[in-house]
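**Q** One structure, as structure tokens, below. Some questions next.
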């Protein structure tokens with residue numbers, strides 16, 4: 001009896017052991033460990049990216065302030081910054097393979113925090129005590145928001161295999177999301193190209209919609225590479241190369257719109273508004289494609305949303321208090337030249353009294369300038385001989401009045 005019952009017992013226990021093996025990678029301790037690894041990789045990547053960008057900025061500043069004829073790409077500092085930039089991007093790229101997309105994307109606030117601190121310490125940016133205190137509070141808000149994001153972030157994990165990605169790609173929530181996104185993108189692109197709606201929100205919404213697809217494909221590519229390294233080859237699936245092409249294409253178009261926005265608006269506005277819009281779009285894409293918030297309770301979702309709002313506020317305040325760069329104007333402002341406003345003591349205007357609101361050669365709006373500020377004309381007056389032989393001056397300064 002014992003020999004006959006033992007095979008049955010083994011057959012009954014086999015499914016239980018298999019089920020235990022499939023559930024083990026998704027236990028809470030393992031999931032939180034993966035979340036921590038992904039969050040640390042993302043934070044490390046963004047910190048290194050901030051250091052790299054400030055190193056390259058420092059290289060440009062040193063060359064501009066010296067008589068060194070070398071180009072910036074021939075300096076060791078710039079190449080060191082480029083190496084760190086690639087290292088940081090690899091860290092952020094690999095973080096998507098461990099943690100949910102909705103957790104990794106908001107952590108880009110770390111880059112803004114680090115840039116604000118490094119700019120004061122390393123680049124020696126000058127700030128007034130009031131602005132410095134405000135920036136300190138803004139960084140504190142962003143750090144608190146980042147802590148809430150890591151603590152209450154989504155905890156959904158699955159292996160990025162070709163079958164799972166294909167199944168998510170044809171799911172009805174993502175197809176509906178893609179339909180809505182394509183419609184919104186086409187409308188924004190129409191107003192931007194045809195109606196010349198060069199508003200910063202329009203341009204950065206285009207960037208955010210493209211960026212949401214970029215992060216979806218980045219997580220798929222990074223996850224499939226990590227699974228392949230672990231021994232389960234995924235590079236022979238066509239979906240891998242489809243995601244790779246989409247990742248490169250959306251990143252290129254995203255950089256194109258960002259370059260156009262940087263030509264029209266200040267970098268601080270692009271940083272704050274772009275972070276808010278891109279993070280919102282990416283979290284929505286992650287929730288529909290990878291189902292990041294499936295199984296999460298309401299408290300965790302509300303605390304995660306609160307962390308996002310606090311991080312948004314912190315980033316906005318940091319970039320709002322950033323010192324705006326004054327562009328160099330290589331033209332001579334006539335109102336800055338002594339002795340050119342009045343030719344005689346009577347106040348006869350030869351050059352207009354512009355009060356630093358307009359300068360020759362500068363592309364500034366002067367539609368509202370009063371007529372009194374128009375330059376005076378110097379007509380030629382023919383010489384007239386009087387009876388006594390005294391000649392009048394060949395030139396005469398015409399005095400402008402408000403009636404003219």
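Placed from the backbone N, Cα and C atoms, the Cβ positions cover glycine too.
Unlike curated records, TrEMBL annotations are generated automatically.
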**Q** Quick one: sort out which of 297-318, 319-340 is the transmembrane segment according to TrEMBL.
**A** 297-318
**Q** Pick from 270-291, 358-379: which range does TrEMBL record as transmembrane segment?
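**A** Here TrEMBL associates transmembrane segment with the stretch 270-291.
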**Q** Which one, 77-97, 174-192, 270-291, has the most C-beta pairs under 8 Å toward the transmembrane segment (199-227)?
**A** 270-291
**Q** Counting Cβ pairs under 8 Å to the transmembrane segment (297-318), which of 36-56, 103-123, 239-258 comes out on top?
**A** 103-123
